[in-house]
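Can you keep this structure in mind? I'll have questions shortly.
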Amino acid sequence: MEEGKTMADEEEVVVEVEQQQQQPCPPLSKNAQKKLLKQQRYEVKKAEKKALLKEQKKREGERKRKEWEEKLASATEEEKQQLIESRKCLRKERMDQRSDEKGKKMQRLTNAKENGQNVVIDLEFDHLMSSSELHSLVQQIMYCYAVNGRCSSPAHLWLTGCQGEMQAQLQRLPGFDKWVVEKENRPYIEAFQDQKERLVYLTADSETTLDVLDPKHIYIIGGLVDRNRWKGLTMKKAEDQGIQTAKLPIGTYLKMSSSQVLTVNQVVEILLKYLETGDWKTSFFAVIPQRKRCEGDNDIEQDEDTEGKDDHEKKIRDIELEEEKDDQESKRQCIES
Ligand SMILES: C[S@@+](CC[C@H](N)C(=O)[O-])C[C@H]1O[C@@H](n2cnc3c(N)ncnc32)[C@H](O)[C@@H]1O
């Protein structure tokens, strides 16, 4: 049992978690209603922004097509052939470059399978999330995979306990079947049953502070988007399973304006940055948005559900665009071959 904690404390957490799981939702407080309204407004704005971007993209495509057609119309037959030929070359160059980058990325990820730091995303919590939270988690996982692929020394990612709706949503992601990650239906505790002593559950509620990343250890991150509704859940799970726990050493390097509970993608990114730099401070400052830290002018109280949303949305859009491009290019390659 954790130092300083009595059996009664432990039981209280257990009872609290069980009650959270069983009780029907109580009526919302004024604060919660405000939060909900803010969230709903945010969703509306987000949908409008998405539609606007789609429209802009469509118009830009049309403008480019028109420009190209005009260029061709005013050209002589010989110039036309040249224009078409140079456009083909440019496309091929771009495609070769992309496929070269992709090949290198695949190689890095395959090497990580052998020598990389093992990082598990524990996906056994899908029943505790709403569908929009589940969707958000899937987006975060997609983001983690993309960031990992760009790292010079990536980690080896595991998705464990991957079943049901979670699995269905992941499988809908473009290219998911080709991802170089370990897709494991079993819970991590079964998948790593012979290596239990190497498992370390990362949780903000741990008394132990992570000092360095040990390559022999397998770090687990709770696959949860819960706005910290399920307080202490991963800590309790790890304790019940008798595995080690640790929290990130955030407090040693910076002051947070609110809780130290980070999102899944932030934790993965911090670990990746640490693997690259060996420096926690650099890693925290690179990943934790300024508004969540205490030393900026934008020192606003924010929590997990609103923090850095615009940045996050933008990052996700970038990845979606990248995936879309990859998709279009492989279609083009199929057509041209
Ligand atoms: C959004 S949090 C989920 C919080 C959840 N209530 C819980 O009990 O863990 C997602 C996951 O990121 C990891 N995490 C978040 N902040 C952390 C911190 N400060 N130190 C270590 N791990 C952290 C944990 O694995 C956590 O389960």
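Positions of Cβ are set from backbone N, Cα and C atoms, glycine also.
Here TrEMBL flags 297-308 as compositional bias 'Acidic residues'. What TrEMBL lists as compositional bias 'Basic and acidic residues' is 309-319, 328-337. The domain 'SAM-dependent MTase TRM10-type' annotation in TrEMBL covers 105-295. The region 'Disordered' annotation in TrEMBL covers 1-33, 51-79, 295-337.
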Need one number: mean pLDDT over the domain 'SAM-dependent MTase TRM10-type' (105-295).
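It averages 95.
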Which residue counts does DSSP give the region 'Disordered' (51-79) for helix, strand and coil?
26 helix, 0 strand, 3 coil
